[in-house]
Amino acid sequence: QYGEAGLEGGAGGGGMAAEDLFAQFFGGGGFGGMGGMFGGGGMNRGPPKARTIHHTHKVTLEDIYRGKISKLALQRSIICPKCEGLGGKEGAVKRCTGCDGHGMKTMMRQMGPMIQRFQTVCPDCNGEGEIIKEKDRCKQCNGKKTTVDRKVLHVHVDKGVRSGTKVEFRGEGDQAPGVQAGDVVFEIEQKPHARFTRRDDDLLYNCDIELVTALAGGTIYIEHLDDRWLAIDILPGEAISQDAVKMVRGQGMPSPRHHDFGNMYIKFNVKFPEKNWTEDPEVFETLRKVLPPATQNAPPGDAMSEPASLEDLDNTTQNRVFGNSDGMMDEDDEDGHPGGERVQCASQ
């Protein structure tokens, strides 16, 4: 809806972002008339209030992990500082006699034998309720009573904040004479992440490891959201199985409520060697000796057996037959972001 462009930004807690919000909230600034200017509800006491300006502020998972301050600039209407919202010289503003200052005029129209009464915007004052001679109009606002102003707001993205959290700035929206200034509300929205999926305060991570690492052990490395690399040891003989899920305690997202960290859950995808990866028959004999013996799955002695061969299937056929049956790591997270892509874990 609203474009964002860079601002000259200085440093701030966790790094200052520089983004620009161009607010085309009321058709290019200026209130000109009464249509669409105020928030809902005519039953409230006191002066009417300009409607709230809403904007979605998209941030990365890294921003949420570290916390940051974004500088966002919006274009808004403010009361003209030169004429103080009068529109002209002192005493030059006259009440419109055509509508008696109401901005609306009752008209009558004959339709056959009947006369219809209806209200329309006063053509004499264009709905303003006031008339200012051209020579007496304020030179800064040209009699509109408001001017366009650029306001920079500092939006705090707290560590661990959830998508949907609203940051409100009361009275920082549009202004007009006799009207309570409107509010500005930014809603935090997390962008999808390439490696991690967030679920509450936990992080989910898909990790590809080689078969030799899954069986013989080794160290895998995972790049975290603050540029640290986690070195995780897989013990020899631990035998990581396909789709196994392991937990790294305290390496999830910071929790704004509990002042602690969630956990990181790693789902493993064991990568087997390519077909015909070796032509040395002695390698297979060595594997049979080293690996646990295979469980025999033989039919009953009186059963008839028939030879059958396996055929490879392409990915399209596999998906058509079985569908996508991946587990929890491929589900959408709570904010509607798809699960992170599988990542080849660096190992040694």
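Placed from the backbone N, Cα and C atoms, the Cβ positions cover glycine too.
Over the domain 'CR-type' (67-150) the predicted model carries a mean pLDDT of 87. According to TrEMBL, the domain 'CR-type' annotation covers 67-150.
Look at TrEMBL and you will find 292-348 tagged as region 'Disordered'.
The annotation zinc finger is assigned in TrEMBL to 67-150.
Helix, strand and coil residue tallies for the zinc finger (67-150), in that order: 3 helix, 39 strand, 42 coil [DSSP].
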